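The annotation domain 'Type II secretion system protein GspF' is assigned in TrEMBL to 64-187, 265-387. Feature annotation from TrEMBL assigns transmembrane segment to 160-182, 216-239, 368-392.
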Amino acid sequence: MPRYRYKAKTIEGKAVRGTKEAAEPRYLLACLKEKGLYCYEYHIENMEQSFRPPVLRRKALPPFCKQLSAMLGAGVALSKALEVSHEATEDKALKEILLCLIEHIHKGMTLSEAMECMEGVFPNLLVYMVSTGESSGRLDEILGRMAEYYRREEELRGKVRIAMIYPVILLGVTIGAAIFMLTTVLPQFASMLEEQELPLLTCVMMGVSFSLRSHGALYCLLLLILLAMVMGALTMPYIRLRADRALFRLPIVGNLLRTIDTSRFSSAFAVLYGSGIGILEAIHTTGKVMGNSYVEQCLEEAGENLKKGEMLSQALKRLDLFHPVLISMVVAGEESGSLEEVLEDAGGYYEGEAARAIGQMIALLEPVMILVMALIVGSIVMAIMMPVFTMYTSML
């Protein structure tokens, strides 16, 4: 009988690890449930077979939150609402996740406890907001807010992805064409040009060609090692902080990041503050979900200044992080008592500004990349044609 190593949580949310023998995974899960343990990961010792909750795609979050909000707002019980969503969805991953949620709810868990139990499936912000909604009795309203928040997030991500498709394709074509010409086309002319005095450009290109053909695998390995080292370094908080800060200081990229983060801050803070969360907790939580360690550090500083009695507009202005127009809008919101509505409007406004900034950056980037492509491919073509023309003229 195989022995399973498992990770589970109690109803109170306490993490539990252990091992247990079971004939099949379903018997393991049933036995753990009898003990009040809810397993979210298991694997057979010394074997690769394992179970993890399926990954919930971010684009599935807006319809999930919106549908659940609508049914709860109409008075449908939570378990029934989840069952209806389970039957209606065609997303296989979401269907399995909903089934797990229904099972946990039937065992007496709240929705936030069930979400937290399924570690890594739901964003921490959503779990936190659901818990807040349960405490305040406004779960349907907060889920509606989260649906709109994730819709805006997904729209912004989609615009960035679409804008980057052409430059990435152009870069890939440039690199592919250069490698093909250096490793396939240029060597075919090498034998014809052996006895001829070659121009410096041709000598350089032939040297690069020979190096790529002889040590191409080594270069690929070194590139992978370098990428792994960079990715590993970026997991270190200090280096990640310096890298994020450096990006903000770049001329074009920095302005784009500032616009995107202004939009994300406005939307996230509006959702939190509008859900009844205190301004200090809202600014702290917003920093956690921004995905940028430099922005998070700046917002922590703003939180400290708020504790000293500063207004939100003063604390944000001191950071010199967001666009001045946002600061002016926050001042207006504080004076009129409509900070939540003002920040929601700011989020929508800067979402449009971010899309425009992305378009401007791509418009500047495209001719530069085309010029670089022309220089690289043109240099290789010139390296091939110069000695050919020389040989042809000497034969006349």
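Using the three backbone atoms N, Cα and C, a Cβ is placed for every residue, glycine included.
Taking Cβ pairs closer than 8 Å, the transmembrane segment (216-239) reaches residues 183, 293 in its own chain, all 6 or more past its ends. Computed over the domain 'Type II secretion system protein GspF' (64-187), the whole-number mean pLDDT of the model equals 87. When the domain 'Type II secretion system protein GspF' (64-187) is classified with DSSP, helix, strand and coil residues number 105 helix, 0 strand, 19 coil.
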